[in-house]
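*Asks:* The following feature annotations were taken from Swiss-Prot:
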type	residues	note
COMPBIAS	1-30	compositional bias 'Acidic residues'
REGION	1-47	region 'Disordered'
REPEAT	92-113	repeat 'LRR 1'
REPEAT	114-134	repeat 'LRR 2'
REPEAT	135-155	repeat 'LRR 3'
REPEAT	156-177	repeat 'LRR 4'
REPEAT	180-200	repeat 'LRR 5'
REPEAT	201-222	repeat 'LRR 6'
REGION	208-343	region 'Interaction with RSPH9'
REPEAT	223-244	repeat 'LRR 7'
REPEAT	246-267	repeat 'LRR 8'
DOMAIN	280-318	domain 'LRRCT'
COILED	307-329	coiled coil
REGION	318-343	region 'Disordered'
Amino acid sequence: MSDEDDLEDSEPDQDDSEKEEDEKETEEGEDYRKEGEEFPEEWLPTPLTEDMMKEGLSLLCKTGNGLAHAYVKLEVKERDLTDIYLLRSYIHLRYVDISENHLTDLSPLNYLTHLLWLKADGNRLRSAQMNELPYLQIASFAYNQITDTEGISHPRLETLNLKGNSIHMVTGLDPEKLISLHTVELRGNQLESTLGINLPKLKNLYLAQNMLKKVEGLEDLSNLTTLHLRDNQIDTLSGFSREMKSLQYLNLRGNMVANLGELAKLRDLPKLRALVLLDNPCTDETSYRQEALVQMPYLERLDKEFYEEEERAEADVIRQRLKEEKEQEPEPQRDLEPEQSLI
C-alpha cells in the first residue's frame, strides 16, 4: 500500500465539528495539564529505546515499493521520554503517538517523510515547528508550552490541534502552503486577536477560552461553517461579513455582548442556522429571542431551543412593520449648493 493510498485510511480521532453544549463544555481527551499546574524544571534523561520500540510498534504494511514490509504505527505514551532520537531510523512510520512525555524537541520526526498522523499532546514543547512533511494530515500538539504558530507548512495537513498552549498571536500560517487545512483548534490559549488566520479553505475554527475582545480578520473565510468563540471577552459583533457565506454554527457563549442591537451585525450571514449567546448580558432582555429572529429570519436554533412556528410568525409581522415604517420615513433634505440658494 502506497502512502497516497493510505491517506484515506489515516486515523483522525478528533472531531471536525463541535457538539451541542447542554452543559459546561468537556474537553476532548484527557487534560494533560491541570489549570495552574507547572511543569517540573528538570527530568531525568529518558531516551527512547529499542525495547520501547518493540513494545509500541504495530500495523505491519507494505513499504512504498511493495516488495518489503514494515511496522507503520508507534505508540509510546506515558514513558517519561525526553529524547526520541531513535525515531530517525524508523522512516516508514505513518502513525505516531508520543503524547504524555517530557519532550522538548521534535526534530527526529523530520526524517519520517511518510508520516500521516501525529499526536504529541502533553509534552514540554515550546514550538510545533518541523520540516515540511508531504503526507502529514493530522497533527495534535495540545497541552504543551507552545508560544507561536510558526513553522507549520505541511501541504496535506487537514487538522491542526494547538489547544491548551500559550499562544498570544497567530502568525506564520501561510494559506499558499497549508492548502488542505480545514480544522484549527486553538482553544484555551492566550489569544488577544483573531488576526493571522487567513486560511480560505478553513471550515472549523475553535477559539474558545482565550482573551479575545472582538472578531477581526476572518471576513474572507468563505468556507467556514463552524466558529467557536465561547468564554472570551467579546462585547461587539462587528467583524462578520457577507463573504462568510458558509457559516452555519456560531458559539458566543460566555462573552460580554450587552446590547441587543449588536445582533443586527449578524444578519448578513446567509446560512447561519444555530447561534449560542448564553451567559451574555443581552440574554437578560425580555425581547432577546424575538430580536434575534427578527434580525436573522433563517435562524433555526438559539442557544438550546429551536424556534417554534408561532415565534416565526410573530417575527415576520414585526419585520414587515419595521419595513413599512422605514418606507414611510421622509427622505432627509439635502443641503442646497451655494448656487441653488433661494435668496
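Positions of Cβ are set from backbone N, Cα and C atoms, glycine also.
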*Asks:* Which whole number is the mean pLDDT over the repeat 'LRR 8' (246-267)?
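*Replies:* Per the prediction, mean pLDDT sits at 97 for the repeat 'LRR 8' (246-267).
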*Asks:* According to DSSP, how is the repeat 'LRR 4' (156-177) divided among helix, strand and coil residues?
*Replies:* 0 helix, 3 strand, 19 coil
*Asks:* Can you work out which residues elsewhere in the same chain, 6+ from the ends of the repeat 'LRR 1' (92-113), have a Cβ less than 8 Å from its Cβ atoms?
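*Replies:* Those are 3, 6, 10-11, 30, 32, 39, 43, 46, 59, 61, 63, 70-86, 119-126, 128, 130-131, 133-135, 140, in sequence order.
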